[in-house]
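Taking it in order: structure first as structure tokens, then the write-up.
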Ligand SMILES: Cc1cc2nc3c(=O)[nH]c(=O)nc-3n(C[C@H](O)[C@H](O)[C@H](O)COP(=O)(O)OP(=O)(O)OC[C@H]3O[C@@H](n4cnc5c(N)ncnc54)[C@H](O)[C@@H]3O)c2cc1C
């Protein structure tokens with residue numbers, strides 16, 4: 001890996017493929033392209049790889065550093081491409097701690113301890129939740145996660161917000177809050193009235209079914225010992241000097257302007273408003289950073305779609321992309337890490353799993369570390385300290401960031417104590433993941449379309465633009481918004497390029 005020199009002149013590099021972004025998608029694209037015999041340069045804005053996966057540390061009151069996963073961490077059993085990659089890279093995994101009873105806090109603020117997956121709600125609400133989940137799953141089964149816009153009712157399902165769809169179906173607010181948690185605050189991290197039913201169905205279809213999202217033992221199953229960023233760190237180590245850090249791509253030259261679009265009368269220069277012929281084929285690409293100028297035949301744009309507009313495309317992107325990209329935005333969530341001397345909740349027979357639809361902290365899990373990580377530890381051994389992870393989503397996240405630091409901490413710990421009692425108030429270390437403040441992410445967990453955007457623009461998201469191919473978890477089908485989706489998209493983009501090369505050279509792909 002090269003950390004770029006801070007020189008004024010640009011160093012020239014040439015490769016078959018320039019990959020923009022060294023998150024899991026970009027690194028997988030580079031790894032796959034290399035395995036197909038193509039040369040690559042990966043340009044990464046940050047001074048680290050991994051993007052939204054990030055192995056971190058927090059200092060405790062005990063003076064020791066404790067390991068935290070600032071970004072993405074969990075793997076579910078359906079995420080088979082990530083699972084096989086983790087195995088191939090030789091990274092050990094472990095299961096989330098889930099022994100014991102769970103805690104539910106109802107809309108009146110009453111605390112209930114329960115077993116199994118079903119919230120301890122009134123029988124009527126329980127039946128209503130089951131009915132809503134079954135109905136969502138009937139629709140989910142009709143959705144192709146790779147092309148939700150092709151559903152015969154796509155436009156109609158894209159005009160109604162998830163919240164309004166639930167309210168049309170049910171008059172039980174507790175059932176609505178508890179069902180919406182799994183997609184709104186739990187996944188897209190936007191209020192349920194801001195995205196469509198079609199977007200909600202894509203989220204469910206990408207995980208196999210809505211029922212899979214409801215099942216925390218499924219969706220939050222395993223973690224990588226030492227942290228999920230290790231997947232990217234290991235791929236980057238294999239790629240060596242092909243990865244250049246600290247180099248945001250500022251400009252991407254990608255096509256010849258079409259002279260017929262010039263408008264001399266109004267002083268408009270020629271551009272490519274109508275696109276170019278042969279999307280996906282090789283072209284002349286130049287990626288410019290502050291210190292590098294990379295010449296390539298293909299680009300893989302492996303950054304979240306909300307950041308496409310941070311790059312100056314020369315000529316500008318065709319009009320349909322310029323419009324489409326404005327309808328995609330990041331969600332907002334705070335991942336809360338609280339470290340304790342011991343996992344005290346286990347002494348009370350509790351798993352650490354807590355839910356409360358509509359509350360400040362809506363989900364909590366036991367996130368105690370296992371294995372060797374940045375803070376030490378030994379392979380396979382559990383950290384004696386207990387860690388809780390909680391989530392503060394969308395409007396609550398906005399409210400919390402508006403508070404002074406100590407008030408924010410007190411409010412969040414107070415909300416966590418509603419589930420697990422007064423000992424929750426006294427962590428030895430406390431950390432809030434703040435991906436929205438990160439220039440090269442700007443939100444969490446991922447992006448989604450505004451109302452009506454998916455049916456109108458979704459079909460463009462994976463279609464190459466000239467020699468530019470796209471790869472990111474946020475435009476994935478299976479594994480949408482997850483590391484698995486990033487890996488799948490990176491691999492697919494590189495294979496599409498290799499196939500194109502082979503077709504153009506008249507050879508079969510290897
Ligand atoms: C708090 C949090 C918790 C999450 N939890 C989970 C989880 O438990 N399980 C799970 O599977 N997923 C989870 N995710 C989502 C997961 O982390 C992402 O889906 C995944 O990291 C996406 O990978 P990517 O490569 O597509 O994009 P990213 O990881 O965002 O990588 C994109 C890279 O592009 C770089 N970049 C951006 N602009 C430029 C530019 N102009 N030039 C050069 N480089 C640029 C960025 O710096 C970044 O490194 C979570 C995310 C967050 C934020």
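Just so you know, glycine gets a Cβ as well, placed from its N, Cα and C.
Curation plays no part in TrEMBL annotations; they are all automatic predictions.
The FAD binding site annotation in TrEMBL covers 44, 45, 249. For residue 249 (FAD binding site), the same-chain residues lying six or more positions away in sequence with a CB closer than 8 A to its CB are 20, 43, 45, 287, 288, 289, 311.
Every protein chain shown contributes to the tally, and the Cβ of residue 391 (substrate binding site) ends up with 22 other Cβ atoms within 10 Å. Annotation source TrEMBL lists substrate binding site at 391.
Look at TrEMBL and you will find 25-497 tagged as domain 'Amine oxidase'. Per-residue pLDDT, averaged over the domain 'Amine oxidase' (25-497), rounds to 97.
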Among 44, 45 [binding-site residues], residue with fewest other Cβ within 10 Å: 45
Rounded Cα-Cα span from residue 44 (FAD binding site) to residue 391 (substrate binding site), Å: 28
Among 44, 249, 391, the binding-site residues whose C-beta sits under 6 Å from ligand 1: 44, 249
Largest separation between Cα atoms (Å) of residues that the record links to FAD, namely 44, 45, 249: 8
Sorted by sequence, non-44, 45, 249 residues with Cβ within 8 Å of centre, FAD: 20, 21, 22, 43, 46, 247, 248, 289, 303, 440
